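Summarising the annotation, Swiss-Prot assigns active site, proton acceptor to Asp231. Annotation source Swiss-Prot lists ATP binding site at Ile108, Thr109, Ser110, Thr111, Glu112, Gln113, Arg114, Glu115, Val116, Lys133. The annotation domain 'Protein kinase' is assigned in Swiss-Prot to 102-403.
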Amino acid sequence: MSEKKHSCEEKSLQLYPLSNKIRHVNPNISALPSETDISESLTNDLTKLEISNYAPFNRDLETFSDLIFGLTNIQKKSLYSLQLGRSRGYALYSDENEKYLWSINTKITSTEQREVLLVKSNNKKFDTSIVLKHTHLSSKSQNEKKARVKVFRQEIWALKTLSHPCVVQLLNYYVSSAELILVENYCMGGDLYHYTKKHHSDFSLEFVGRIFSELVHTVAYLHSKCLIHRDLKLENILLTQPYNVIKTIDNWKNYPNALIQISDFELSIFVDSKNHLVQSSCGSQEYAPPEVYMGIAHDGFRADAWSLGIVLFALLEGRLPFDSYPTLDPENVRIKRYVQRLVRCDYTWHLCKSPFKRSTGNTNDNDDPSWRFRLFVKKLLKNRDQRSTPTELLKDFNKHGNFTLPLLENVTI
């Protein structure tokens, strides 16, 4: 796809506010800033910024979209980054009344690459929170800046392409020579890793089935757009509701809203619609199939499918399938044995094993409510040539009504 060139001229940062309407139309990908455009802007002077094509900041805030526009850098003021622990954080001053629109609530996560901040609105009309994913560029080399900008642009490109209730929503983004900021909706339940670690004993098969149904449908939707996530894991799956709400829901089949949202599209990539071939390896090793672990070219759709199998196993068992119990063996020995189990697809059920002893001849799996979950794991944690894809799993879902969701009936795949 040819990229449309944008002239940076006197602008040292570019802001691209998004509204809910833009979210639901066919996105103009060519209108996104190219890697060259942003790299050029990294060398310009911030003081040369002029933005004149946005509405005056002191207008009345009528909608949530108006509030998001409060993150737009207009006239003489800019986004301020203050230390956590102070009473004010990421916010924009109004030229009229010098009041903050947003304040840092807490730091959700922090890595060498970027920090994720929970930001709360100070506007009493909108009692809401959003998430800022913030990357500092000032301390990085030029090559590091270009690499981070490339990843940042890929994430924007992916999120602008997608419109699905189980994918996080891109609200705004911000580019300057010093920082990259991604603004997304906030999921109150946190990530599935910490939720599973804390509340796994409360998981019902219906709850796990609901999560897995949404996951499979969403990943099949990504693949219909020729997009591979490449980093599907519990940490990148967010729950839209907190524990105190989830524990009160007893009918997951007819729950009207999305329970999960997939996030973190930094490593996602668009592929050819015919062979889905990916040359590079990335993502988390614990969720990567053997072909990715060994660094060979692979079918990206089937690699995502393997990750879904790992996630489902973890939801059922409360652990990852190829992890062994702690031993005193040297690390190189543990890694070697891990790879051996991985390649052989050698995992063992404990919590979700069949209650029937095959030697007795009692093999009526219809009386075992967990058998279909084990079957799905078996279809996903297989050799790549035999592994089911999410799209193929959807056909199985259509055969079994317990795995179809009214919520997603109108989403085209």
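From the backbone N, Cα and C atoms, a Cβ is placed for every residue, glycine too.
On the structure: features taken from Swiss-Prot.
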{"residue": "Ile108", "record": "ATP binding site", "DSSP class": "strand"}
{"residue": "Arg114", "record": "ATP binding site", "DSSP class": "coil"}
{"residue": "Asp231", "record": "active site, proton acceptor", "DSSP class": "coil"}
Here are some recorded positions: Glu112, Asp231. Which one has the most Cβ atoms within 10 Å of its Cβ?
Asp231
Rounded to a whole angstrom, what is the C-alpha distance between Arg114 (ATP binding site) and the residue listed as 'active site, proton acceptor'?
16
What does the structure give for the C-alpha distance between Ser110 (ATP binding site) and Asp231 (active site, proton acceptor)? Integer Å is fine.
18
Restricting to the same chain and to sequence separations of six or more, state which residues have a Cβ under 8 Å from that of Ile108 (ATP binding site).
Val116, Leu117, Leu118, Val131
Out of Ser110, Arg114, Val116, which has the highest number of nearby Cβ atoms, where nearby means within 10 Å of its Cβ, if these are the binding-site residues?
Arg114
Between the residue listed as 'active site, proton acceptor' and Glu112 (ATP binding site): CA-CA distance (Å)
18
Residues flanking the ATP site, with Cβ no more than 8 Å from the Cβ centroid of Ile108, Thr109, Ser110, Thr111, Glu112, Gln113, Arg114, Glu115, Val116, Lys133 and excluding those residues themselves
His134
If you measure every Cα to Cα pair among Ile108, Thr109, Ser110, Thr111, Glu112, Gln113, Arg114, Glu115, Val116, Lys133, the residues listed for ATP, what is the largest value in Å?
14
